[in-house]
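Scroll down for the structure; my scribbles are underneath it.
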Amino acid sequence: MTATSPAFFSPQEIAAEGLKPEEYAEIVRRLGRHPNKAELGMFGVMWSEHCCYKNSRPLLKQFPTEGPRILVGPGENAGVVDLGDGLQLAFKIESHNHPSAVEPFQGAATGVGGILRDIFTMGARPIALLNSLRFGSLEDAKTQRLFQGVVAGISHYGNCVGVPTVGGEVYFDPAYSGNPLVNVMALGLMETQEIVKSGASGLGNPVLYVGSTTGRDGMGGASFASAELSDQSIDDRPAVQVGDPFLEKSLIEACLEAFKTGAVVAAQDMGAAGITCSTSEMAAKGGVGIELDLDKIPARETGMVPYEYLLSESQERMLFVAHKGREQELIDIFHRWGLQAVVAGTVIAEPIVRILFQGGVAAEIPAEALAENTPLYNRELLAEPPEYARQAWEWTPDSLPACTTAGIEIQGGQQSWNDILLTLLDTPTIASKNWVYRQYDHQVQNNTVILPGGADAAVIRLRPLEEIPNLKSKIPNLKLGVAATVDCNPRYVYLHPYEGAKAVVAEAARNLSCVGAEPLAVTDNLNFGSPEKPIGYWQLAEACRGLAEGCRELATPVTGGNVSLYNETLDSQGIPQPIYPTPVVGMVGLIPDITKICGQGWQASGDVIYLLGLPLASKISLGASEYLATIHNTVAGKPPLVDFDLERRVQKVCREGIRNGWIRSAHDSAEGGVAIALAECCIAGNLGAEINLEIAPMQNRVDEMLFAEGGARILVSVTSAQQAIWESYLQEHLGQQWQILGTVGNFETGLGVFTTDNQILIKVSIEDMSDRYSHAIARRIATNTAVS
């Protein structure tokens, strides 16, 4: 049997599938004939950047992927790490950027559903979700609509499916005005004897289709996700999938039950490219072929043709390879959970994907041509940094107005440091994200140890809901926990992709260390503009180089992730405007004892406040800072350089201090610098602080000391009873890289920052700080709603 070959496709038809003319020529060469419509669509989605990483794959080879705890690295549905005691953690991050731009609710909701399937396809029960979100200015009505829709979609799916959303980050910047980013990370605890892989095997083994029915929703979603957005993208709403979280909940339980029978040889969820991707990837990974009959596929719409079946991205669907003779056992399980389950195909020896329809062959393509031997572009890297970066690096603080202990003159008016602190706390990127968190069910499953916003990373207790075969003890260690975080400062990466990406890894590890967790491994989500433009490719290549170095330096191997390119929006003149390069790092860490962790809020009056890392007298530039962008409307300079030796020592000291019971609170200095970190500790603990700084006017600007970022800095508080042993430990392990800042006060104290000669730099009440910080987002949304 062979597929039929119609006449040539027009250049427009080829381009509509996301293929270049030279790629179409390569398809014809490989097939020895012209493809038919269904085959053209299959190549279009599988050769899209979203599926085959044709521009990024050469760069990803730099990433470290091996380590003593790595059980599954890149190439499977999710990475898996060994937590000890027989426990294994699956985790992964994925993007749903383009769908969320045109249909924010369903785009975000199905992003949650898709990443959950990646987790339970491995044989792991999902235990937590995090998200990393980017939007334009929150003053803009369109941004507010996208923001509210995305948050509603995430909360709807996560809440209904019963998986807690335990943390994340939200940034606002005009660079994302037309192209929001929605990255979702999921964690799962392995429940099966063996990790479920995706490579098909066993000639003659049946191929099962399970889950929901197939419709026309999500048609060509992978190709849609690999193109720039424009005003016409709203017409691509059919490319956005529609999810059913209640059906997914049943699918989770049915799949885990099925895996435990031992009857499943391999499994693959139907995400991007649907049936096309699942059949071709399973066949290619197993070195076999799959023959699938579309007439067996449960359809929710009539009159569907092979092209539609093969490219549909209808949600909550899976493909299994079962042991021959045990298929009915699996079908019965899925029927009991109210789900579809049919034998739709067979594993064959010939390494092809053969699609049958109405008694004929609808498509026949070598599996490797679709899933492994895909196009690869080794693009030329710019010989030197682009002009925008070189100009930005020329910035110096000399261009800023002079400042004193009283404040700084901005646009003809004097602003006190109180004014500037409150302005920064009111900035949506820095402000509390409680407007977001309160819409999420973050305590379902009852294993969330710290509520979102209460610490620098999420902490989840590892309490198996089902018996785990590999447990060394039948009585699980209920003190064992994991921490997780998602991080990226895109302004850093825009201004210096290499140094900025290193800083992303360092901050993620620092956030884990602030709750007492040992960083273990990374999953990354690379969100960039077009790699076909020299600047876009330079940003991508340099960021990958920085991520690779950061992960090697901090011994956090990469277990997999996602690449989302072509994040650009056509402006009114039709010129593509790219987002800031945004390599989001999702990192997980191990907590031996969840009774020994830290939040970021002060714990008791009289505790001593320390700054770990570079002392405030150290010269750190304001370049790339939130202060420079918000207060001076300037995006320039270089991000803080990362000293990995100092990072390792500071983070280890923080973790040991927490485990020994010396440290009572910990919070890293990030956006907004030490002043914002101090304010956040006051707000979280509802306790003030009195800080004394030694100001050397000839050496340091006041704003540099207060608002500069970087320096591997962590604020910790220690009870005075532990002060002597703690300082002895600090002296031994950090030398001079720490200082005492002051003491924790009470609520009435507020935040007071003084010079050693008693000049007041900052004196502001907790009530004022909390009002700005806690209501910044809600206030903007309410104002816009009232106006409209």
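Each residue, glycine too, has its Cβ placed from N, Cα and C.
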If Swiss-Prot gives Ser95, His96, Asn97, His98, Gln241, Glu313, Ser314, Gln315, Ser564 as binding substrate, which of Arg117, Arg545, Arg552 does it give for that site as well?
Arg117
According to Swiss-Prot, Tyr53, Asp524, Gly561 bind ATP; which one of Lys92, Lys479, Lys619 is listed for that same site?
Lys92
Secondary structure at His50 (active site) (DSSP, helix/strand/coil)?
helix
About how far apart, in whole Å, are the alpha carbons (Cα) of His50 (active site) and Arg117 (substrate binding site)?
17
Of the binding-site residues Tyr53, Asp118, Asp269, Gly561, Asn562, which sits closest to Asn97 (substrate binding site) by Cα distance?
Asn562
Can you tell me which binding-site residues out of Lys92, Ser95, Asp269, Glu313, Asp524 are within 10 A of Asn562 (Mg(2+) 1 binding site) by Cα, answering none if there aren't any?
Lys92, Ser95, Asp524
How many Å separate the Cα atoms of Ser95 (substrate binding site) and Gly561 (ATP binding site)?
9
Using C-alpha atoms only, work out the spacing between Gly561 (ATP binding site) and Asp269 (Mg(2+) 2 binding site) and round it to an integer in Å.
16
Max CA-CA distance, Å, over listed substrate-binding residues Ser95, His96, Asn97, His98, Arg117, Gln241, Glu313, Ser314, Gln315, Ser564:
20
Compute the mean position of the Cβ atoms of Tyr53, Lys92, Asp524, Gly561, which form the recorded ATP site, and then list in sequence order the other residues of that chain whose Cβ is within 8 Å of it.
Leu60, Pro74, Ile93, Glu94, Thr523, Asn525, Leu526, Val558, Gly560, Asn562, Val563
Given a 10 Å Cβ-Cβ cut-off, pick out the one of the binding-site residues Glu94, Asp269, Glu313, Asp524 that has the most other Cβ atoms nearby.
Glu313
